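For reference, the structure is listed below as C-alpha cells.
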Amino acid sequence: MTSVINVNLPTQSYEIAIAPASLDQIGQSLAGLKLGKKVLLVSNPTIFKHFGKVAVDSLEAAGFQVASYCLPAGERYKTLNSIQKLYDIALENRLERSSTMVALGGGVIGDMTGFAAATWLRGINVVQVPTTLLAMVDSAIGGKTGVNHPHGKNLIGAFHQPRFVLIDPQVLKTLPVREFRAGMAEVIKYGVIWDAELFNQLEQSKRLDQLRYIKPELMDAILTRSCQAKADVVGKDEKEGGLRAILNYGHTVGHAVESLTNYRLLKHGEAVGIGMVAAGQIAVNLGLWQQADADRQNALIEKAGLPTKLPAGLDIEGIIEALQLDKKVKDGKVRFVLPTQIGVVTVTDEVTSDHIRQVLQQM
C-alpha cells in the first residue's frame with residue numbers, strides 16, 4: 001500500500017511517497033516531474049551494491065541519461081572535499097540547471113547530495129531516496145543540506161527542498177541493526193515533541209531494537225506518523241524561523257558529543273538519544289517536565305537499544321564549550337528544546353552552563 005504525504009511550502013511543495021518495493025519505479029516517478037534528462041545518482045559503495053543497479057536501470061528505462069558516483073560511507077567524510085568531488089563529476093557530465101541529483105543512501109549521502117545540488121549552478125533539482133530509517137523519517141525531508149566543519153556539525157549548509165522523496169520500506173531489511181537503532185532515536189523524538197499517540201504506540205511494543213521484532217502495522221505507523229510530523233512542522237516553518245527549531249530536540253548536546261568524539265565513536269542517532277536524556281533531565285530540573293515522563297522517554301530510548309550515558313572519559317567542560325558553536329545559539333545564548341509534556345515542547349535560552357553541567361555530571 002502506498003502512502004503519500006504532502007509537504008506544503010510557499011516556495012516548492014512536494015510529495016513523500018512511502019511504498020514497498022517501489023525502488024524499481026523511481027524512473028517512472030521522476031518522469032512525471034518534468035525534469036531535465038541528465039541525472040547524477042549519488043550513493044556509497046555498500047548501498048550502491050545493494051540497490052544501485054535497480055535504481056539506474058529504472059531511471060534509464062524512463063529515458064534519463066544517468067551517471068553515478070559513490071562517496072565513502074561515514075560522517076567523517078561529510079566535508080567540503082567530498083562536495084568538490086561531486087562538483088567535478090557534475091562538470092564532467094555537464095549537468096545543467098534542469099538536471100537532477102538523486103541521493104540514494106542515508107543521512108550523510110542525502111545531506112551532501114542536497115548541498116551539492118543547492119550550490120551547483122546556484123541550484124539544480126534534487127530527489128531524495130533514503131535507505132536508512134533515520135534518513136526516511138528525518139533528514140531526507142525538509143530541505144536541510146550541508147557538511148561538517150572541523151569545529152562543528154552542519155555549520156556549512158543551505159536550505160534546498162527536494163522535488164520528491166521516495167521511501168521504500170523494504171530496503172530496511174538490509175540495514176545493520178545499529179543503524180536501525182540510530183533511526184529509532186528520531187522516531188522517539190517525534191513522539192516527545194509532537195505526536196503523543198506515536199509515543200504511546202512505541203511504548204506498547206515489546207521491542208524496538210530490531211526491525212524483525214516490530215509488527216508491520218507499527219512499522220507503517222512509525223514511517224507515516226514520523227514523516228507527517230516532519231512535514232507538518234516544516235510546512236509551518238520552512239527555514240527555522242521559530243517552530244522548526246523543535247526538531248532539534250536532543251540535538252544540542254547530541255551534536256556537541258558527536259563533534260568532541262570526531263564523528264567516529266557514535267552514530268548520529270545514538271548521540272541524539274544521549275542528548276534527549278540530557279534535555280529531558282534539564283527540563284525536569286527546571287520544573288518544566290515531570291520526572292515520570294522523563295523516565296518514560298528514557299525507557300523508550302533504552303528499549304531501542306540506544307545509549308543513555310555519555311561515553312566514558314568525555315570532557316564535560318568540552319561539551320559545554322562546544323555548545324557555543326551550536327547553530328541555534330542566539331546573541332551568545334544556547335537555545336534548548338525542552339519538553340513540558342509528552343507531545344509538547346518549548347524553546348528556551350534560560351538554560352545556564354550550571355544547569356547543563358549538573359545533568360551531564362550524572363550521565
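Note that Cβ sites are derived from N, Cα and C of the backbone, with glycine treated the same way.
As annotated by Swiss-Prot, NAD(+) binding site applies to GLY107, VAL108, ILE109, GLY110, ASP111, THR131, THR132, LYS144, LYS153. Classification of LYS153 (NAD(+) binding site) by DSSP places it within a strand.
Other Cβ atoms within 10 Å of the Cβ of GLU186 (Zn(2+) binding site), summed over all protein chains shown, number 26. The Zn(2+) binding site annotation in Swiss-Prot covers GLU186, HIS251, HIS268.
Note on proximity: among GLY107, ASP111, LYS153, the binding-site residues of the record, the Cα nearest GLU186 (Zn(2+) binding site) is that of GLY107. Counting only the Cα atoms, the space from THR132 (NAD(+) binding site) to HIS268 (Zn(2+) binding site) is about 12 angstrom. Other Cβ atoms within 10 Å of the Cβ of LYS153 (NAD(+) binding site) number 24 in total over all chains.
For HIS268 (Zn(2+) binding site), the number of other Cβ atoms no farther than 10 Å from its own Cβ, over all displayed protein chains, is 26. In the three-state DSSP classification, ILE109 (NAD(+) binding site) falls within a helix.
When the Cα atoms are compared, ILE109 (NAD(+) binding site) and HIS251 (Zn(2+) binding site) turn out to be 19 Å apart. Apart from the site residues GLU186, HIS251, HIS268, the chain places the Cβ of LEU134, ASP138, ALA185, LYS189, GLY250, GLY254, GLY269, ALA271, VAL272, GLY275 no farther than 8 Å from the centroid of the site's Cβ atoms, the recorded Zn(2+) location.
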